[in-house]
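K.L.:
I have a structure I would like to understand better, so I am pasting it below and will then ask my questions one at a time.
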């Protein structure tokens, strides 16, 4: 699997189409940035800088990215959840909530840089909207999934992989604004998850869409997910316009 570097594409999502074809004006416009394959530290530093320097007039943004292999450990995370210290995958300590997780090729990572006060959103409501967007995205591929109380993320609803985690979520709120976000596993090498207790849960199975016999294209899933996120954030049923696709292969 590979991702060719592409320029950052900024797509203001100001007007979308309703199911009936009539224009719908979202409550708060959002800019979608498709950042391609990018080192985790680059994204981390950029989202912190964006949040630290934003003002009341700064627009909200959603960043879509794919990272090279990396473990990230939340600010209250226990390093003991990294079970194999010499795996060859770097570990980065970060300031989001949650424990340890893995990012790698074939996984969609979405960062939500939102002014919650302007959107009149409580953190719990934001988490629910994000989880709903993931559930709706998976449903578009005939995959049933659920949330679990007290365990942010999305889990397989039934079948041989019932209870397995397919999407992770972790946020940081600073001065009323969010950053970090979510990851959704499409088609990836899942072996690095065996070297950790995913999100701090020993023995938690982690799967991707391919494990569930869905041969989904990374770009298509990413576009669906971004559309559902924007629709849920703005309380509309309309899907967002599709930004330019990343040069991406699921091979």
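Glycine too: its Cβ is placed from the backbone N, Cα and C atoms.
Source: prediction; values computed, not measured.
These came from Swiss-Prot, pasted as-is:
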| type | residues | note |
| --- | --- | --- |
| DOMAIN | 56-237 | domain 'BPL/LPL catalytic' |
| BINDING | 96, 97, 98, 99, 100, 101, 102, 103, 168, 169, 170, 181, 182, 183 | substrate binding site |
| SITE | 165 | site 'Lowers pKa of active site Cys' |
| ACT_SITE | 199 | active site, acyl-thioester intermediate |
K.L.:
Neighbour count, 10 Å Cβ-Cβ cut-off, for residue 168 (substrate binding site): what number do you get?
P.N.:
25
K.L.:
Specify the count of other C-beta atoms within 10 Å of the C-beta of residue 98 (substrate binding site).
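P.N.:
Taking all protein chains shown, residue 98 (substrate binding site) has 23 Cβ neighbours within 10 Å.
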K.L.:
What's the CA to CA span in angstrom from residue 182 (substrate binding site) over to residue 165 (site 'Lowers pKa of active site Cys')?
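P.N.:
That comes out at 13 Å between the alpha carbons.
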K.L.:
In this predicted model, what is the average pLDDT of the domain 'BPL/LPL catalytic' (56-237)?
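P.N.:
Computed over the domain 'BPL/LPL catalytic' (56-237), the mean pLDDT is 92 on the 0 to 100 scale.
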K.L.:
In sequence order, which residues at least six apart in the same chain have a CB under 8 Å from the CB of residue 170 (substrate binding site)?
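P.N.:
Those within reach of residue 170 (substrate binding site), by Cβ under 8 Å and sequence separation of 6 or more, are 74, 96, 97, 98, 101, 152, 180, 181, 182.
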K.L.:
What's the CA-CA gap between residue 168 (substrate binding site) and the residue listed as 'active site, acyl-thioester intermediate' in angstrom, rounded?
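P.N.:
About 8 Å separate the Cα atoms of these two residues.
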